[in-house]
Amino acid sequence: MSSESKFSAAKGTLVISYVLSVIGVFYYFIFGHFGSHYRTPFTSSLVFVLIYWVLTLILQSLFIVKVFFNTNVSSNNQANILALVGPHFSVNNVLNFFWCYYFAQEKFVISEIILLVNLVNILALYFTHKTVSIKNVSDWLVVHFPVTGLPLSWTLYAVFWNGACMFHSHYKSLAPRLLANIFIWEFFLTPVSLLILYKDWSVSLSTSFLMLGLGLSQLFSKTVALQWIFALVISGIDFVASVLTMVGTSLTSVNTETSSNEQAPLLA
């Protein structure tokens, strides 16, 4: 098989995996998220989850179109992204499809395992290939944000939501709610750590949105509780920190020579 044929086959695999992910999300919203089994201290608002996934899928489609069907992107850059990012992106899509299916079927143990495997996959992409280091803002928004940032935030959130479903944390006793009040601060620690270490506001901003949905959902589900208060506080902190980091990095980039080759962008 020629290199061109391999490249076309790899692109086809990537597109098929994306279509699978879209099908999985549709399946989830049609058959999942309903019933008492899904109502836990980590359950977010269906409206917020829907908006999150619509935005994610739209941005991921832009990533596919711009990178692999754009004549302005050189074949070398296409091959580079396909080799570095493509496998992780495809694995994420396929695992997301299976998670949607098993989660909707209330097979919470299997779906939790899928989430943990995908978390390792996304973290490998994040720390190994460092898409966060892309300097061009438009390329960063097209590549890092939909391929790494949004999936990482969702997977971290889904691990706790799915885990709460798996352990039957459905407001029936005090202990699960106390544990949820502790574990929810992970959504502050991880995003803020990535902000400090990498100035990556994609995870903190998207986590802020998810926490806003969680806080509003918990407010109407269990008004006399700390979970919704913590969620809204974390959402506010993540949002403010994200905005401050965005402003800071944009001011820094103005005074930095963009032609530096120390950390070349993935896209031309």
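Just so it is clear, glycine is given a Cβ too, placed from its N, Cα and C backbone atoms.
Annotations in TrEMBL come from automatic prediction, not curation.
What TrEMBL records for this protein:
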type	residues	note
TRANSMEM	12-30	transmembrane segment
TRANSMEM	50-69	transmembrane segment
TRANSMEM	81-104	transmembrane segment
TRANSMEM	110-128	transmembrane segment
TRANSMEM	140-160	transmembrane segment
TRANSMEM	180-198	transmembrane segment
TRANSMEM	203-220	transmembrane segment
TRANSMEM	226-247	transmembrane segment
Review point. Mind checking which residues reach the transmembrane segment (203-220)? Cβ under 8 Å, same chain, six or more beyond either end.
Key: 41-45, 47-49, 51-52, 149-150, 152-154, 156-157, 187, 190-192, 194-195, 227-232, 234-236, 238-239, 241-242, 245
**Study point:** Positions whose Cβ lies under 8 angstroms from the transmembrane segment (226-247), at least six residues beyond its ends
**Key:** 41, 177, 180-181, 184-185, 187-188, 191-192, 195, 199, 201, 204-205, 207-209, 211-212, 214-219
Review point. Which sequence positions outside the transmembrane segment (140-160), separated from its termini by at least 6 residues, show Cβ-Cβ distances below 8 Å to it?
Key: 42, 44, 52, 55-56, 59-60, 62-63, 66-67, 81, 85, 88-89, 92, 96, 99, 112, 115-116, 118-119, 122-123, 125-126, 131-132, 134, 183-184, 186-187, 190-191, 200, 202-203, 206-207, 210, 214, 265-267
